[in-house]
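**Q** What Swiss-Prot records for 195-205 is compositional bias 'Pro residues'. According to Swiss-Prot, the feature ubiquitin cross-link maps to LYS17, LYS31, LYS63. Residues annotated as domain 'CARD' in Swiss-Prot: 13-101. Residues annotated as N-acetylmethionine in Swiss-Prot, with similarity to another entry given as evidence: MET1. Per Swiss-Prot, the feature phosphoserine maps to SER138; the stated evidence is similarity to another entry. Here Swiss-Prot flags 185-233 as region 'Disordered'.
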Amino acid sequence: MEAPAPSLTEEDLTEVKKDALENLRVYLCEKIIAERHFDHLRAKKILSREDTEEISCRTSSRKRAGKLLDYLQENPRGLDTLVESIRREKTQSFLIQKITDEVLKLRNIKLEHLKGLKCSSCEPFAAGATNNLSRCNSDESNLSEKQRASTVMYHPEGESSTAPFFSMASSLNLPVLEVGRTENSSFSSATLPRPGDPGAPPLPPDLRLEEGGSCGNSSEMFLPLRSRALSRQ
């Protein structure tokens with residue numbers, strides 16, 4: 001949707017008319033006869049009696065026209081009233097076209113200036129929004145690249161990450177360890193009878209024979225060694 005075209009305020013139009021009088025000053029001073037417009041300008045309250053007397057004090061027609069333009073520039077309705085007076089005189093109608101063309105030219109310049117200011121005020125915002133969007137996209141891509149790199153570095157393919165591992169250990173392994181620790185403590189606290197103690201079950205015959213044989217063999221092994229040592233002495 002197109003933005004509405006800028007329009008001139010009353011202050012802008014007053015400035016345009018003032019600039020038009022200034023640009024046409026030399027031309028109008030040569031063409032205008034100030035005394036012909038006194039009556040109409042005084043009737044419209046643009047000039048006072050003292051103003052007309054001040055203008056009449058000038059020695060030449062060009063100076064009187066210049067002083068008249070000074071008063072017209074000070075009044076927002078000065079140029080419009082001068083055009084009305086020229087139209088009433090019907091002797092210098094070509095001045096109306098000259099003044100109108102100058103006003104329209106300055107008006108268009110003013111509009112173009114306002115349009116340029118409006119566009120320049122919008123451009124930084126749009127550029128900033130685009131930069132912010134691109135910056136956000138680049139940040140997101142950089143973050144995803146970093147996450148992907150960390151995943152490849154610390155968690156090779158086929159290996160789960162550490163966070164799920166510890167969460168699984170805390171939820172599954174810890175209860176098992178606690179149960180095992182409880183059972184071990186119960187078994188260690190209970191005292192079992194040794195072989196030969198009252199209440200201990202009898203040994204199997206094979207184990208009794210092996211135990212007896214080992215004792216006999218041990219005595220036989222040491223006695224010859226002791227006798228050999230004595231014989232050498």
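Every residue gets a Cβ built from N, Cα and C, even glycine.
It should be emphasised that the depicted structure is a prediction, and the values quoted were computed from it without experimental measurement.
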**Q** Rounded to a whole number, how many Å is the Cα of LYS31 (ubiquitin cross-link) away from the Cα of LYS63 (ubiquitin cross-link)?
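**A** Pair distance, Cα basis, whole Å: 12 Å.
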**Q** Rank the recorded sites LYS17, LYS63 by how many other Cβ atoms lie within 10 Å of each Cβ and give me the one with the fewest.
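**A** Result for the recorded sites LYS17, LYS63: minimum number of other Cβ atoms within 10 Å at LYS63.
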**Q** Could you give the Cα-Cα distance between LYS17 (ubiquitin cross-link) and LYS63 (ubiquitin cross-link), in whole Å?
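**A** Here the two Cα atoms lie 21 Å apart.
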**Q** Averaged across the domain 'CARD' (13-101), what pLDDT does the model get? Just tell me the whole number, please.
**A** 94
**Q** Where does LYS63 (ubiquitin cross-link) sit by DSSP, helix, strand or coil?
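**A** The residue in question, LYS63 (ubiquitin cross-link), is helix (DSSP, three-state).
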**Q** Kindly report the helix/strand/coil residue split of the domain 'CARD' (13-101) according to DSSP, in that order.
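**A** Taking each residue of the domain 'CARD' (13-101) in turn, the totals are 71 helix, 0 strand, 18 coil.
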**Q** Taking the Cβ of LYS31 (ubiquitin cross-link) as the centre, count every other Cβ atom within 10 Å, in any protein chain shown.
**A** 14
